[in-house]
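Colleague: I have a structure here, written as structure tokens, and I will follow up with some questions on it.
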């Protein structure tokens, strides 16, 4: 009699008792993308509405990216707290603040007030992303984590696609309408309470614990540079694509939203299978290849090609981005002790959203040099430089391991 066949990875995942908690946490991860992507198609409408305010239209891009500053500040603190208290509490508190601050565009009437509310939204996102990622890392072992973090990146991308498409449709009705989407996370609260574990704090430090001085800051910064560079250039798409299409005579928020949604769909698709492709190359070379693809795509995008070509380039950018984030997360989490998961998650979140915030000043800085063309050529240059950096890093790390 032959031995019974072991279940496939897909069937094992479906039967896994951790699946309900994972699904809820993946939905929570989509909220980080919702924070910015939802209102991206409404930027031209916001700029037109606030054109009468002194500098109003110039500050409108900060409505999209300002949460990144607050997230970058709040995420490391949230990570430290998450290692010392119940992670689910942080998650629930973040969602409560998220709903109130995110929907502020429905009732606030000045650019300054909306930007201030978006700062508060950023604090909430920092708490949500840090707690959700730490809880996922706590649920799964090193062997499983690459595939699961790929699922998280895919959920963020697919969620972003839905939110961008919804935001584009609603933005064609009124610039305030997309802000109503921020009320949706309310439905997650009962599922979090019912399915997500509380996330016990790390045990008290003992003489055998890894001392704080042993935390590999250099390695952590090396890895976090990948998501930082990725999202610095990634957010030039929602910041400039609607305006570039408008300059090309295409005044459709829905079309701009669709193009951005294609990018996020491609990102989600490749992240979904990241567990299978992660062994094809060492993490630094995987990052380098992804950034080379980004460099080529942004260079072509700077030429203002026809709409079908723009959509094809969105696919390329999405595929590259869908590899970079789970590649960095897996690379980092497999090298860190369990009691550092909150701190590591906070650092990764800080890298992503500090880049989101800095993308707007970068775009404003190069805008006088040629608008979208200058922004996308800058993105291509940064992507190429980052690709070369990780090639060098790979050879340096390989040399260190060889010496050992």
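Just so it is clear, glycine is given a Cβ too, placed from its N, Cα and C backbone atoms.
Fair warning: this is a prediction, and the values are worked out from it, not measured in the lab.
Look at TrEMBL and you will find 21-398 tagged as domain 'Major facilitator superfamily (MFS) profile'. TrEMBL lists 59-78, 90-108, 114-137, 149-171, 177-198, 210-233, 253-273, 285-303, 309-334, 346-366, 372-393 with the feature transmembrane segment.
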Colleague: Tell me whether the transmembrane segment (177-198) sits in contact with the transmembrane segment (372-393), defined here as at least 3 Cβ pairs under 8 Å among residues 6 or more apart in sequence.
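Modeller: Since fewer than 3 Cβ pairs under 8 Å link them, the transmembrane segment (177-198) and the transmembrane segment (372-393) do not come into contact.
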Colleague: Would the transmembrane segment (149-171) count as touching the transmembrane segment (309-334), i.e. at least 3 C-beta pairs under 8 angstroms with sequence separation of 6+?
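Modeller: Counting Cβ pairs under 8 Å (6 or more apart in sequence), the transmembrane segment (309-334) reaches the transmembrane segment (149-171), since there are 3 or more.
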Colleague: State the non-local partners of the transmembrane segment (59-78) in its own chain: residues 6+ outside its ends, Cβ under 8 Å from one of its Cβ atoms.
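Modeller: Hits for the transmembrane segment (59-78): 35-36, 39-40, 43, 46-47, 50, 90, 94, 105, 111-112, 114-115, 118-123, 125-127, 129-131, 235, 238-239, 342-343, 345-347, 349-350, 352-360, 363-364.
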Colleague: The transmembrane segment (253-273): which same-chain residues, six or more beyond its ends, come within Cβ distance under 8 Å?
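Modeller: Sequence-distant neighbours of the transmembrane segment (253-273): 33, 37, 40-42, 44-45, 150-158, 160-162, 164-165, 167-169, 171-172, 237-238, 241-242, 245, 307, 310-311, 314-319, 321-323, 325-326.
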Colleague: Please give the sequence-distant neighbours of the transmembrane segment (114-137): residues at least 6 beyond its ends with Cβ less than 8 Å from one of its Cβ atoms.
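Modeller: Result: 21-22, 25, 28-29, 31-32, 35, 59, 62-63, 66-75, 77-79, 82-83, 87-88, 90-91, 93-98, 100-102, 104-105, 108, 145, 148-149, 152, 182, 196-197, 199, 329, 333, 341-342, 344-346, 348-350, 352-353.
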Colleague: Below 8 angstroms Cβ to Cβ, which residues of this chain, lying six or more residues outside the transmembrane segment (346-366), approach it?
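Modeller: For the transmembrane segment (346-366), the far contacts come to 32, 36, 58, 61-62, 64-69, 71-73, 75-80, 82, 122, 125-126, 129-130, 133, 220, 224-225, 227-236, 239-240, 325, 328-329, 332, 374-375, 378.
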